[in-house]
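S.K.: Pasting a structure here, questions to come.
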């Protein structure tokens, strides 16, 4: 018995409030009390009410909500409810962060994180079991394409659960900026109708509007070997380059290149030889766009690192050797300038395909979706790992669903302008799954495997390792609050089910690629969770943001090639290059889409700065605060370093890393 102060917090998004009447009950260990209030929640408001309750409720366990409606079911987005009452040293927090709609009564448990075996009262165990049963009906797996990771069962964005949808501001920004980009694309096409299109300088006719300062530098310097090599370290795709441990077996050195062979062997001996092998593209069928055949290649690039840290190309073999064909041509920096330039353009086209499909779509978006669906199906809201992960899966299901219906769908953007479209992209993704190993998602392992540790000019590698360590400290801090021993990890049935769901269901039996099917220790759990958070945040930032800078100037990363790869160095002319590069329509669409997808989002939530209060324990707040402080310190370090560089690396500054995959 006594006075209770109840605070109701409504979301600030458009349409978060409701004209419907909301009823509340306080549920304690002894009994429950219906509160006599007339609440019609208003967007962005915190509303407080005082109530005298005649009976002793006991320790508070739940708040119950019921939104009444007659004609219109006006959904309400409730952030949280707090209650301060007799004998309570601090207010009890009841997190919600979801839409309240329909006829039912919603039960919000008190927000203290609890493991399945920690429930002193059976009522919490029954609640989490009921919650998971309902979630498993709502969040169902589906197969988008055989051989690829499972996805959320949704044919379009409207099929998604409401709590996984974009909020209204996000939806409007996404759709209106896309329309603005299409309008700009149309203006560029009209502008070029009566103008020539036979020189590289003619791309200037469409290189206006939405672009970045780095894109301007790429525009000026893209033909330079130094910038070509730099992109393998710190560009849109820093994931393919590796230090050579031997000369690749597919490298064919024709007669007369003995000096090159000696130079390659010297660089190899000195540990300065690197390679980028696009063999994954070999045999992938190229697209046919509006009746016009497009072309693909599977290049091999050999590069050396000079004493100053510059990565410079030594040779390019555009296609792998084929027993039924003459030996592939080996292109060298000493070749006629146009021949060497066209060879580099072919490499950049191949890099576009792998960056977008293997390292962006598969290794971040689809992996994050598996994590998201498994989290919703296996971890109840009271579970500490749910509370840890849920801020990092915001919007991921909708952006991926939109991708499957607009970008990589039949007739979508890839089919319209990309050389792997028309089905080749699905074959490429299926091949790439074999390379999707657990180690490949963990920078300490991946960078060690690729020989890129302690390379001073590898800025992605440096920043990724530091972010991994900062994220790992955060995860370790949270995990050790709730798992005091390895036995508790092994004995958590919900956690073990979540692990199996990711590896065996979502990733389609990925244990043969190193993914765990169970957690045997706190260290193993922490490593896996660090991978999850890193993939959904830092890794996506590194791969996504570069599109705007490196793909805006189309010749630097053409989405498609309209002529087959050259077999002779002497026949390459400017007409050959312009005939190979995308035409006006494809170039305009490439610029539009890469700007739309690569720009910083206006509603961006930086890494670690989510406002949702899923945890209520002061100890967890301290761990999160330390994470934020570590990120701030890293931001200062990166900023200071970048001030000394001609070409700053910005993608992994914590302030530019989004807290989840939202674009």
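Just so you know, glycine gets a Cβ as well, placed from its N, Cα and C.
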S.K.: Quick check: of 279, 638, 663, which does Swiss-Prot put in the same Fe cation site as 360, 365, 540, 544?
M.R.: 663
S.K.: Going by Swiss-Prot, point out which residue in 246, 403, 419, 568 is annotated as phosphoserine.
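M.R.: Record lookup in Swiss-Prot returns phosphoserine for 246.
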S.K.: Would you mind giving the whole-number mean pLDDT across the domain 'Lipoxygenase' (114-663)?
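M.R.: Over the domain 'Lipoxygenase' (114-663), the predicted model scores a mean pLDDT of 94.
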S.K.: Which residue among the recorded positions 246, 544 has the fewest other Cβ atoms within 10 Å of its Cβ, if you could check?
M.R.: 246
S.K.: How many whole Å apart are the CA atoms of residue 360 (Fe cation binding site) and residue 246 (phosphoserine)?
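M.R.: Here the two Cα atoms are 29 Å apart.
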S.K.: For residue 365 (Fe cation binding site), just count the other CB atoms lying within 10 A of its CB, please.
M.R.: 24
S.K.: Might you list, by sequence position, any residue in that chain lying six or more from residue 540 (Fe cation binding site) with a Cβ less than 8 Å away from its Cβ?
M.R.: 360, 364, 365, 368, 658, 661
S.K.: Near the Fe cation site, what residues other than 360, 365, 540, 544, 663 in the same chain have a C-beta no further than 8 Å from the centroid of the listed C-beta atoms?
M.R.: 361, 364, 543, 597, 661
